[in-house]
Amino acid sequence: MSDEAVAAAWAREDLEALSERGLRRYLEPLDSPQGPVVRVGGETLVNFSSNDYLGLAASPTVRAAALAAVERYGVGTGASRLVVGDTAAHHRLETRLAAFERAEAVRLFNSGYAANTGIIPALVGSEDAVFSDALNHASLVDGCRLSRARVCVYPHADVEALTRALAETPARRKLVVTDTVFSMDGDVAPLRDIVAACRAHGAALMVDEAHATGVLGARGAGLCDELGLESEVDLRMGTLSKALGVMGAYVATSREVADLLVSRARPFVFSTALPAHLCAAAEAAVDAVEGDPDLRERLWRNIRRFADGLRGLGVRAEPRSAVFPLILGEPERALDAARRLREAGVLVKAIRPPTVPEGTSRLRFCLSASHTVGHVDLALEALRSVGVRRG
C-alpha cells in the first residue's frame, strides 16, 4: 500500500468519526463580494457570520488603493521581507499603524495566527512561564505551546487566579497573554486589573485586539484605546482582516521588540511577505476608521438594536462588542438552528468544538456597520419565528 493510500485510510477513519459527532466541516464558497448580503449556494442571504465589522472589505476607497498598488508593485512579493519582499508599502503601513496605535513601532505579519505563533516563542522559552486565559484564541494557545515555556492557564477573566499564579510560579520571564474581546463569547477582558497584576509581579503583557480593533475606543484602536492603557501594555496584536476588511496582522510595541521580531519571529522570517497591495488597502482602511467616526457609530447602533431585540426574546445580551453568541449545547442543535435560520434568509454559522468547549455549540452573530435596520430586524424576527432559545 502506498503512503498516499495509508494517509487516505487514516483520513476516512477520522472523517467518519467527525461526521458521527456532528463535527465535520465543509467549505461553502460565496458567489459575491463580502458584505451584509451575500450569494452562497444559489441563495441570497443576510450575512451575520462575517468579521467585516465596519463593512470595509468591499469599500470602493479600500479597493481603489489596492488596485493602484497592484499597478505599481504587481500581485506578489516573491520573497520574505528579509530577502527581496520588502516594499515601501510595508513601511508606510507600519508607520501609519504605529501612529494609529500610539506605539513606538509596529511589525506586520501575514495573519493573526502567524503573529501570535511567532511573537510568543520569540520572547519566552523553556526557562520562562506564560499565563493564558482559558478562553484565549487558538493562535495564542498554539503560540504558548510552541514557546516551550511553562504554560499556566487561568480560569476565564479570573484576575485573582492569575495573580496567584504569577506569585506562585518561579520563572526567568513571565508573560501574560489574553484576548481583549473574546471571539466566541463577545465579552471583554478585565484589562485594568490584568495590567495591575502584571505590574505587581514584573510580568510582560501581550493582548490580542483582533475583535476590538476598529470596534472599540475613541479612535477605533481597540480596548487599550478605550481604557487609555496603550502605554501600559507591552504588546498589542491587531488584525487587518476583520474590521479593517483586508488581510494580515500586526503588533504594536516598543522599537526593541519590533526589531527583535525581525530576527526571532519564525513566521516573519520564513514567510513570503504580505502583498504590497494589501498593505496599501489596509492603510486606506485605517484612514477610514480614524477619519469617519460614523462607521463605528453605525456599527454600535446596530449592536444596541440587536441586543435590545435579543432581550425582548428573553435572551441575555450585553452589548460589549460586535459578537453575540447564542449557546445551544450539542452540535446537532446548533446545526439545526443554523439550517432553520437559513431557510428564513439569515446566514449564521454553527460554531462547534474544538472551536468552543464541548457542550457549548452555538450560533455566533456578528454585527456590521453595513447592516441596515431591516437586516437586524430580519435576524430578530427569524430567531423569534424559529423559536431558537439558549440552551
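Don't overthink the numbers, they just go from 1 along the chain as shown.
Using N, Cα and C of the backbone, Cβ positions are placed for all residues, glycine too.
Cross-referencing H91, H137, H156, H277 against the substrate binding annotation in Swiss-Prot, which names R25, T355, picks out H137. Checking the candidates S132, S183, S263 against Swiss-Prot: the one annotated together with G112, Y113, H211, T239 at the pyridoxal 5'-phosphate site is S183.
Remark: H211 (pyridoxal 5'-phosphate binding site) has N51, D179, T180, V181, F182, S183, G186, K242, S321, A322, V323 as non-local neighbours, by Cβ distance under 8 Å and separation of at least 6 in sequence. Cα of Y113 (pyridoxal 5'-phosphate binding site) to Cα of T355 (substrate binding site): a span of 14 Å. Secondary structure at T239 (pyridoxal 5'-phosphate binding site), as computed by DSSP, is strand. Around R25 (substrate binding site), the same-chain residues six or more apart in sequence whose CB sits under 8 Å from its CB are L18, listed in sequence order. Remark: G112 (pyridoxal 5'-phosphate binding site) has H137, S139, D208, A210, M237, T239, S241, A249 as non-local neighbours, by Cβ distance under 8 Å and separation of at least 6 in sequence. Remark: T355 (substrate binding site) has A138, M184 as non-local neighbours, by Cβ distance under 8 Å and separation of at least 6 in sequence. Among the residues the record lists as binding substrate, namely R25, H137, T355, the two farthest apart have Cα atoms separated by 19 Å.
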